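Student: The following block contains the structure, expressed as structure tokens.
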Amino acid sequence: MGKEKTHINIVVIGHVDSGKSTTTGHLIYKCGGIDKRTIEKFEKEAAEMGKGSFKYAWVLDKLKAERERGITIDISLWKFETSKYYVTIIDAPGHRDFIKNMITGTSQADCAVLIVAAGVGEFEAGISKNGQTREHALLAYTLGVKQLIVGVNKMDSTEPPYSQKRYEEIVKEVSTYIKKIGYNPDTVAFVPISGWNGDNMLEPSANMPWFKGWKVTRKDGNASGTTLLEALDCILPPTRPTDKPLRLPLQDVYKIGGIGTVPVGRVETGVLKPGMVVTFAPVNVTTEVKSVEMHHEALSEALPGDNVGFKVKNVSVKDVRRGNVAGDSKNDPPMEAAGFTAQVIILNHPGQISAGYAPVLDCHMAHIACKFAELKEKIDRRSGKKLEDGPKFLKSGDAAIVDMVPGKPMCVESFSDYPPLGRFAVRDMRQTVAVGVIKAVDKKAAGAGKVTKSAQKAQKAK
């Protein structure tokens, strides 16, 4: 086998009909975790339903339907391999909760793949003022997904087919627009593809002899290639934040007979080890970690990205709950936030938002109503430059710096310190109204919290 490949996460964005599903399906189909039997089954079903032309998108539709129904599907279906990486597609838009997932998502995407359709009139529709493409790309950028690849899809349906002129026109247009969002087009690979026919997906296409390949220039090393697969291979690998203090938002807390209380969650930053004394915020409970488990195996340490359960002593299920955050009691322990300052972008709100508005915030695993206490300034979405002080209200499309106050105790962090705990979605009327990143947190001075006997013992022993 040799050394295991690095895992990376990508998010696929673009307009409804850009051919995202077909393109993604093609990659999974050709390089992925779907076995031949499943594919043959899908092909047979598709043919019976007269969807013979389907193939790749069908694969994805099947997976999506299962995912939406809450069936836990074999997650390997959403994975594929390049020569360097194991790639997981963490979400494909079109899924109802796409925006929310992208923010509170279990993982941060390392790269966004933007698919635009080159067909006559299609590109224009996708990129128009109200096309979703803009929103998705802006969202990816705001949430810290700094690498981008652009697939110019459906090259087989341009006029004439595989038109170099049309491709260049689109590249020019998309470059201008991603630049407005904040991406530097020089660092972005543009690839003319057909997710349907397979042009430039895994093999260089014979239909576009004019395409001399893509190039990216960046300080971490330049790269070039011809296909979409090669572009994915040139994503810069993520650095996992093991050197930061521990932050582990709880997804659940179980009471297990004969074992005791077992909080479960994903290590976002730092390292969790047995014997560590951890503090849970905002409840301010401190205790010793007796053991750490993943997939029923004891671990000597858990690293960022690991979903683990850990056994704690002298803590009842009533003391800690979902949305609490565990950290090292001796190294920048997590604390309750009295309030915080955030940069928000209003995505879709039918009216206007003014001070006092109190929607629900989804931040990591916490789900808590927060009040927009003060609208401090309206800013330019892209540059962050101030446009006006103390605006009276905000509407869709606006970006602003606001002060927020949680309605119940919660633990959040600034995006620059702990990214997964510093981005949030604002939910109201069953949709994502706004997204935000936290600039600064006003931490509440913790009184004497509950320190369990086992924690005191462990601290003395040290």
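Heads up, the Cβ atoms here are built off N, Cα and C, so glycines get one too.
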Student: Match it up for me: which of 70-74, 160-164, 300-304 does Swiss-Prot list as region 'G2'?
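Tutor: It is 70-74 that Swiss-Prot describes as region 'G2'.
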Student: Annotation N6-methyllysine in Swiss-Prot: match it to one of Lys41, Lys165, Lys318, Lys457, please.
Tutor: Lys165
Student: Give the three-state DSSP assignment (helix, strand or coil) for Lys439 (N6-acetyllysine).
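Tutor: Going by the DSSP assignment, Lys439 (N6-acetyllysine) falls within a strand, counted as strand.
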Student: May I ask which of the recorded positions Gly14, Lys273, Glu374, Lys392, Lys439 is closest to Glu301 (5-glutamyl glycerylphosphorylethanolamine) if we compare their C-alpha atoms?
Tutor: Lys273
Student: Cα-Cα separation of Lys165 (N6-methyllysine) and Lys172 (N6-acetyllysine), in Å?
Tutor: 11
Student: Distance between Lys20 (GTP binding site) and Lys273 (N6-acetyllysine) at the Cα atoms, whole Å?
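Tutor: Here the two Cα atoms lie 41 Å apart.
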Student: Please report the three-state DSSP label of Lys392 (N6-acetyllysine).
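Tutor: Looking at the DSSP assignment, Lys392 (N6-acetyllysine) belongs to neither helix nor strand, so coil.
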